Amino acid sequence: MEVKLVVLVFCFCGIVSEGYSRKVKSKPENIEDTYGELVDEPSRPAQLEESGVQNDDFEDYWNNTPDEPEDTSGGAGGQDTPVRIISKPMDAVARIGDTVTLPCEVDNPDGVSIWLKDVDSILYQSHVKLTGKTNIVEYPNNTLEVRIASDDDFGQYDCKIIQAKSNSDFISHTISKETPPVILELKTRENRTVVSIFFS
C-alpha cells in the first residue's frame, strides 16, 4: 500500500512540474517597453489597418517597395534641342600652296557631322576620314583645314550636321582659285603707255 502511494505522489509531482515548465516557456502576450510599461506587441494586420491598406494587399504592402515613377520627360524641356550651325558661309580665294580653314561651329554637339566636296564626295563623317587626300584635315570642333595642293582642291565644301528626328542643318563654303590680272588694252599717249588691267 505504501509503495502505491509513493508512486502516485511521484507521478502527481511530475505532472505539476511539466505544466509549470510549459507555462513559463510560453510566449507572453505583452512585451515590456523601455520604460517598464506593458504594451501589446503590434501585429502586421494592425499596422496595415492604421496605414489604410486593405487586407487583400497585405503581402504586396509588406514585402514590396513601390516602384519609382518612370521618367518620360525625355530630358530637359521634354524634347531634343534642334541642331543649328552658327558659323557663316565663306568665299575664299587661294593659290596653290595656301591653307584655307573652313568653320562649322554648332550650338548643339549632339549630331553627326559630314563634310562633302562638290556636293557628292564625302570627305569626313562623324570625324572619320573617308578620303585618301592627305592635305585635308578635320578637327574635333568640325573645322576643316584644306591645304591647296592642286586645282582639284578648289570648289565647294559643305558641312552638314544631322540629328535624330530629322533635325539637320548645313553650311556651304567656296574656295576659288586666284587668277592673275588680265591685260585688256595697251595705249600709247604722249610718249606714255596706258595699260588697262582686269582683276578677276
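Each Cβ is built from the backbone N, Cα and C atoms, and glycine gets one as well.
According to TrEMBL, the protein carries these features:
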SIGNAL    1-21  signal peptide
REGION    35-83  region 'Disordered'
DOMAIN    82-176  domain 'Ig-like'
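As a whole-number mean, the pLDDT of the domain 'Ig-like' (82-176) in this prediction is 94. Note: the domain 'Ig-like' (82-176) comprises 3 helix, 49 strand, 43 coil (DSSP; helix = H, G, I, strand = E, B).
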